[in-house]
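S.K.: The structure under discussion is supplied below as structure tokens; questions concerning it will follow.
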Amino acid sequence: MSEQKLALNEYLKTDSDYLRGTIKEGLDSAVTGSFSDGDQQLIKFHGFYQQDDRDLRNERKEQKLEPLYSFMLRARVPGGICSPQQWLGVDKIASTLTSSNSIRLTTRQTFQYHGIPKRNLKTIIQDLDREALDSIAACGDVNRNVMCNPNPVESKLHEQAYAVAKQLSDHLLPHTRAYAEIWLDEEKLLSTEDETVEPVYGKTYLPRKFKMAVAVPPDNDVDVYTNDLGFIAVAENGELVGFNLTAGGGMGSTHGEVETFPRLADDFGFIKTEDVMKFAEAVMTVQRDWGNRVNRKRSRLKYTIVDHGYEQFKAEVELRAGVKFEPKRDVVIGDRGDRYGWVEGVDGKWHLTLFIESGRIKDLPGQTLQTGLREIAKIHKGDFRMTSNQNMIIAGVAAEDKATIEGLARKHGLLGQVLTQTRGHSIACVALPTCPLAMAEAERYFPEFIDHIDALQAKHGISEQAIVVRMTGCPNGCARPFAAEIGLVGKAPGRYNLYLGASFEGTRLNKMHRENIQEAEILAELDTLFGRYAVERDAGETFGNFTVRVGVVKAVIDAAKDFHG
């Protein structure tokens, strides 16, 4: 591989002085609202992406103006947990320093801001720092935000699992001082020539992004098998004893390039809790050393495992960890949805899960969601938990405070909306107008599309059946569409590829059923299939399993062979 020309990003990382590049100079330049091409890649490691308003792109071009550049900043919030005080700080930033005046909950249990002018970036990062929050490694070729099941019902087990997720996040952070120097005005420390700046990552970091999740069965809201590295909690007598480790998942692919494909992770075996960091570091360093640095489209861990083989990869991980995998423990992976409304935990505290459509927290007529969460944060004594379904849990509410919290939620439209099973299980990415990769709408169109799905389910008498529906504007897969029972992936404006056949639990991928079709064709196809499902389904059979059983699509068993075949 050393004889081949590496991907451009590899040279950028090598020459960046551990992610410094010329970001500081670009930040100080008032000539343009953008960064240089090279720095646009490096700023991802600091937690943000350069974007522009694509709705205005042509108009500004005609006016001989540069695109209306802005930035999307994503925070690092392991397990999605923050305090009410932190949330008030997060809210203030959205209201005063972004043009979108909104907060977007993501599919990886964190939040992001859209519409940040370059001049406000440093202020936002410093304001986040004052709330003990940051955006380090929220993007880039590093370990991203670590997900953890936010289940507040089994409070002790969740606490133990969350502690592991937090430790993973902290342990695998980049060590470079670039973030502190550029954004927090800390002094650059003198270093010796032989000093190891990045003991885990090295000078070129990872070949591509790396995603981790901790699942607490029976819930699989974190979609553990879609991650590069997953830890499925194993408990005995309510105590965490270890994890089943999974590796090699990932959603991204490229339209028309069959050498790229989504993939679910493989099961590797059971590991004890005390060995988690050894195995996490082992898997990451194997990917660091074996991953493809020539073709970024083939550089995720899933391709490393496919190319080198399961057994060879497993043996190398065991060698580096210094521990052997034990046989996988039996656990049951179930629902990927959230528990909406009030649920009582084993500790007697109450938890209120609020549905946030597409994760967008913004004040709208009749639904002042942002104000509502702000008012709750002012009086709440527990914590806020963001879910991977883009929702919010007001966790740890004392019984005597329930009425007050619920009253505020209802007053501001956070509670009381009619929520079907399918809408509650469905998510979409941001897409247009800010995402530069989007080929079609997602977030802006998705609520209307789900209205159509709800109507079709009602028509056929199957409204009680939750169906996992996901939509993305491109095949990078941020909303994990290839693990949805109905997946819609943007191909062109108003056109989508329709995927069917994933399992409800997230243990089998879907497969393309129709390519490049418009809304009318999508709905006609689903109308027919829902009609068949209503009369032909077996007892308890989910929609995804039905479409495979009756031959609408073939089951994807081995993604490298089956997804496109």
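Each residue's number is its place along the chain shown, starting with 1.
Any Cβ shown, glycine's included, is placed from N, Cα and C.
These came from Swiss-Prot, pasted as-is:
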| type | residues | note |
| --- | --- | --- |
| BINDING | Cys429, Cys435, Cys474, Cys478 | [4Fe-4S] cluster binding site |
| BINDING | Cys478 | siroheme binding site |
S.K.: Same-chain residues six or more away whose CB lies under 8 A from the CB of Cys478 ([4Fe-4S] cluster binding site)?
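M.R.: Expected: Thr107, Met251, Cys429, Val430, Thr472.
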S.K.: Counting Cβ atoms within 10 Å of each candidate's own Cβ, which of the binding-site residues Cys429, Cys435 comes out highest?
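M.R.: Answer by Cβ density within 10 Å: Cys429.
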S.K.: List, in sequence order, the residues of the same chain other than Cys429, Cys435, Cys474, Cys478 whose Cβ lies within 8 Å of the centroid of the Cβ atoms of the recorded [4Fe-4S] cluster site.
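M.R.: The answer, listed by sequence position, is Val430, Ala431, Leu437, Ala438, Ala442, Thr472, Gly473, Asn476, Gly477, Ala479.
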S.K.: For Cys474 ([4Fe-4S] cluster binding site), list the number of other Cβ atoms lying within 10 Å of its Cβ atom.
M.R.: 23
